[in-house]
Amino acid sequence: MPEQSNDYRVAVFGAGGVGKSSLVLRFVKGTFRESYIPTVEDTYRRVISCDKSICTLQITDTTGSHQFPAMQRLSISKGHAFILVYSITSRQSLEELKPIYEQICEIKGDVESIPIMLVGNKCDESPSREVQSSEAEALARTWKCAFMETSAKLNHNVKELFQELLNLEKRRTVSLQIDGKKSKQQKRKEKLKGKCVIM
């Protein structure tokens with residue numbers, strides 16, 4: 001039973017250069033690198049507490065190229081939640097997410113119960129925008145997933161992205177504690193049932 005597994009696996013997909021690694025590194029390590037280094041596949045871990053026991057948030061930063069279809073399928077089949085990243089400065093990068101989403105549907109079946117975030121990164125580069133947020137929001141509604149714009153460079157909406165992703169989890173109660181503060185809504189929920197909190 002995957003719910004009893006002691007890790008929670010999040011896979012990050014998107015075209016090369018959209019900022020997948022930058023988002024993950026900003027979240028896990030609080031760092032940002034200006035130079036682009038293509039990723040084959042990296043996995044990052046953070047210890048979280050889940051329903052009063054320890055588990056691991058495991059984030060797989062996948063390759064942006066299409067050279068490794070078997071690795072992509074494996075990341076989807078093992079994943080509990082998915083982040084689909086495009087750059088707001090590249091319409092092509094949004095188009096490249098469509099076959100990935102279709103593959104998630106094919107492998108996972110009913111995706112309505114699976115946390116998926118559509119993420120428009122590089123919102124700090126608004127003058128070069130090719131994808132309007134309204135267009136991405138419409139696609140997210142079609143895909144029945146959540147949508148957010150982020151900037152790994154400015155650290156805008158990065159923690160919030162992971163918080164929102166965990167909030168979408170329906171089979172388990174998982175939550176990200178941001179800066180040690182909990183909202184009143186979180187506190188109310190915690191009184192009702194167990195919670196996952198990043199340490």
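Glycine is treated like the rest: Cβ placed from N, Cα and C.
Segment annotation: Swiss-Prot labels motif 'Effector region' over residues 36-44 (candidates 36-44, 45-53, 54-62). Under the DSSP three-state reduction, Ser126 (phosphoserine) is assigned to helix. On a Cα basis, Gly14 (GTP binding site) lies 19 Å away from Ser126 (phosphoserine). The two recorded residues, Asn121 (GTP binding site) and Ser35 (phosphoserine), show a Cα separation of 16 Å.
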